[in-house]
Structures are given as structure tokens and as C-alpha cells.
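Engineer: Sharing a structure, written as C-alpha cells. Questions coming.
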Amino acid sequence: MKTTTRLLDLTAAMVLVVYVSFSPPLVSGEPGRRVSMTLVRDAAALGAFCLDGSLPAYHLDRGFGAGSNNWILQFEGGGWCNDIASCVERAKTRRGSTRYMSKTVVFTGVLSNNASQNPDFYNWNKVRLRYCDGASFAGDSQFGNGTSLLYFRGQRIWNAIILDLLPKGLAKAHKALLTGCSAGGLSTFLHCDNFTSYLPKNASVKCMSDAGFFLDAIDVAANRTMRSFYSQLVSLQGIQKNLDPSCTHAFFPEPSLCFFPQYVLRFIKTPFFILNSAYDVFQFHHGLVPPSADQTGRWNRCKLNVTACNPHQLDALQGFRKDMLGALMNFFRNSTRGGMFINSCFDHCQSALEETWLSPTSPRINNKTIAETVGDWYFGRGEEAKEIGCPYPCDKTCHNLIPASTSDFLASNASGSGHNSRGTHLTFLFLLLNFFFFFVISKFSKKDYVT
């Protein structure tokens, strides 16, 4: 299928979210627990395959003590593929095949079994669902042309993993939390109510999305890049039939809009928590300012260092935050069982690592960490757990992935561990990858490509 350069840019850029979302933890102190992979052997009978036809997988760390009947499931993130060429390439990597995945993963942050780092969930059964379908566990189709064979079976993978976990104790869960980061965070919006339907009626079941509230944004060139991308994704991978029917009916004749969390949110019945940065780095770089919307490179310096942004660019960033809060306002005002933590950091995924989830230097709003806010919401401690941070540059507790202040820039060039060790380690890679993408776009942005 023929796509615009705009979609090619976004597809290529997904490698950023792969690293940012689920890289090895960059934290000082004790390492997290390493957990082995479990292949879903019965998945083949359900037609549940990764893109390349390999079996899906998950990692299970058993709960103990008072948490032995409680479960937390985390969708892995890692972008999407919306056309045949990008899915063919993805199938040759760990994002499209369990053959290339690490057989063990480290559990940190909300999956940590350390009581001091994860006091509310440390002793629960913890599961990471490996991501290998390229469509947030939502597709149900396949493609074959005699040369390539691709399985778009994310929905079946989701079902197969749940069916594998039910006899292992999930069917008797007392408490459960479905969560995920990035593309996995988007998965929680798509599967939250379905998750609830599998569990006992008297179980306390809730869902939390981390960095998964992808906006239907208008970019700086007045295009809807993400809408175009998701529309092709929904069509290619046969997602429409798995979207919430109440939502697709409400948004007919554009059912693919229901892949956006802002549109499906009001149809979700299960209590929901939204963790997101109002200046999410992935959305800043590929929703608000995708390379195709800035072919002359006017935004290059700003995208790599927020202190280099001019007043017009800062206004656009503040406008993006305003749009995100606007999309969340009905939920903020009217959801009696919902929770939220919307800070003003240049970050992407904050529940997966100790230093942003719960540590002495974790991000805070009203002096509450993310872990404290989520715990208060889940267990009903105190008043409503809905926190919205003040706009950039007022938040001094951030772990920014790109420099957003003079202190961030100095930290990224300083030796040793500091307040922003995650940003320190990731800044160089982030800059390198972005310069690579800018180079590619400068070479090819004047043409359309079959991707």
C-alpha cells in the first residue's frame, strides 16, 4: 500500500519508543528481580501467533504472603507497524517474534518485589505480557503473498495468555490491576473491561495506563499524523471488530478513532487510572512535531533540548498540554472511581523504573509520588487521587529524557550518578537517534514510498 512520507517517518521512529519504554533499568542500588519467560504452548490451537508465527509469551513472578491471591498484569510497549513492509521488518526483531526476545527480564518499578520500592504491590503475582503483534494486542487478521506471511493476532494473543493464567490462580484473584506502558498503556484502554469479565465478580479489578494516552493531535503543519497512522493500523491488522462497539457506533463512520484513548475512555466501565506526562516525549517528537511536519529542521534544536525552544515553539508545547488536559477534563470532573497523575515532565513511561515510580527523587505533584498516588487510588485511601501538575517549567522533580533546564543539561554532562540518572544515561542515545532520523528525512522527504 502506498503511504505518505509522514507515515514512513512515524513508523521508523517507533524504535525510539522501544528503547524509552522498556530498556534495561538504569538505576543505582539493588538490581530488580530477573524473571524467566513462559511460552504459551496452547496458543497455536487458538491461532494466537506473533507476527512471524512464533508462540506468544509472558513472564510470571509468583506472589507471596498476603498478596498471593492478587495479580498485576503489565502489557509491554514498543510502538506499532501499520503497513506490510514495516511489519515484515518488525517480524525479524524482538518486537515481532519471541525467537529474538530475551528469555529473562528484570522486574522493577510497579513490578518490583521489593517492599521499600513498591509497598502496595510488591507481594502480588506479577506478569509482563510480551509484545509481538505490532497493534497493542488488538488485531485479528493475517497477510500472505507467497513471499511473506504475517500473523496479525494480537487479540488472540491476549486471550491465549489470559486463558493460560486463569488455572494458575488468576481465576481466583481477589484483587487485580491491568497496566502497561506506551503502546502497552494504550492496550489497557482497549482491554480493561474484557479483563474484568474474566475475573470473579467479587474481585476488585482496576486498570492503569502509563504513557498510553496518545492524543488525536494536530501537528505543527496542521496535519493529523497520528490519526492517519492509526487509521492504517486499524485497517491493516483487522482491529475494528475488536474495538468497543459502543464507541465505534458513536464515532461511525470513523470507527478507527476508537483506537484513541480519548475517545474510548468514556465507554470504559472498570475503574481507571491515567499516568501521563503532559509533554510526553514520544508525542512531542512524533505527534506534535513529526519529522514530516518540520522538513526544514526548524524544530531540531528544540526537540533535543527544550531550553533551546523559541517562544513560538514553547507556545506550541503549552498548547499540546492544554489539548491533553482538555481531552481529560470530563474524566477529571466526572469520574468518581478514576484517578490520574499528569505531570509536566519530558518523559515517557514512569511506572516501570524505581527512580520514577518510588524513590527519594521521584517526580511529585503536591508532594506525592506516582506510587503513592496510584496506591491511594487503588485502595481508596483518602480523597480522590487526581493530580495535575503545573505547566513547564515549574516542576523541579522531573526525570526528563531530554534536557529541559540548565540543571538537566549539566547533569547529562556530569559524571557519576545524580538526581536525573535516567536522563543522564538516555540523553546521548536520544540525541543520536534523532539526528539519524533527521538525516534520513532530509534525504527522502520529497518522495512517497511504498512501505
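Here the Cβ of each residue, glycine as well, is placed from N, Cα and C on the backbone.
On a predicted model such as this, the values are computed, not experimentally measured, just so you know.
So Swiss-Prot lists the following for this protein:
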ACT_SITE  Ser182  active site, charge relay system
ACT_SITE  Asp280  active site, charge relay system
ACT_SITE  His348  active site, charge relay system
CARBOHYD  Asn114  N-linked glycosylation site
CARBOHYD  Asn145  N-linked glycosylation site
CARBOHYD  Asn194  N-linked glycosylation site
CARBOHYD  Asn202  N-linked glycosylation site
CARBOHYD  Asn223  N-linked glycosylation site
CARBOHYD  Asn305  N-linked glycosylation site
CARBOHYD  Asn334  N-linked glycosylation site
CARBOHYD  Asn367  N-linked glycosylation site
CARBOHYD  Asn413  N-linked glycosylation site
SIGNAL    1-29  signal peptide
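Set these features in their place in the structure for me.
Structural biologist: The Cβ of Ser182 (active site, charge relay system) has 31 other Cβ atoms within 10 Å, all protein chains considered.
According to DSSP, Asp280 (active site, charge relay system) is assigned to coil rather than to any helix or strand. All chains included, 27 other C-beta atoms sit within 10 angstroms of the C-beta of Asp280 (active site, charge relay system).
In the three-state DSSP classification, His348 (active site, charge relay system) falls within coil.
Cβ neighbour count for Asn145 (N-linked glycosylation site): 8 (other Cβ atoms within 10 Å of its Cβ, all protein chains included).
Secondary structure at Asn194 (N-linked glycosylation site), as computed by DSSP, is helix. If you take the C-beta of Asn194 (N-linked glycosylation site) and look for same-chain residues 6 or more apart in sequence within under 8 angstroms, you find Trp158.
Its Cβ taken as reference, Asn202 (N-linked glycosylation site) is surrounded by 6 other Cβ atoms within 10 Å in the chains shown.
Its Cβ placed at the centre, Asn223 (N-linked glycosylation site) has 16 other Cβ atoms within 10 Å.
DSSP assigns Asn305 (N-linked glycosylation site) to coil, not to a helix or a strand.
Long-range Cβ proximity for Asn334 (N-linked glycosylation site), meaning a same-chain Cβ under 8 A and a gap of 6 or more residues, is found for none.
Long-range C-beta contacts of Asn367 (N-linked glycosylation site), restricted to its own chain and to partners at least six residues apart, with a cutoff below 8 Å, are absent.
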Engineer: Please report the Cα separation of Asp280 (active site, charge relay system) and Asn114 (N-linked glycosylation site) in Å, rounded to an integer.
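Structural biologist: Distance (Cα to Cα, whole Å): 28 Å.
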Engineer: Do me a favour and check the Cα-Cα span between Asn305 (N-linked glycosylation site) and His348 (active site, charge relay system); whole Å is fine.
Structural biologist: 16
Engineer: Which has the fewest other Cβ atoms within 10 Å: Asn114, Asn305, the glycosylation sites listed?
Structural biologist: Asn114
Engineer: Counting distance between Cα atoms, which of the recorded positions Asn114, Asn145, Ser182, Asn202, Asn223 is nearest His348 (active site, charge relay system)?
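Structural biologist: Spatially nearest to His348 (active site, charge relay system) by Cα position is Ser182.
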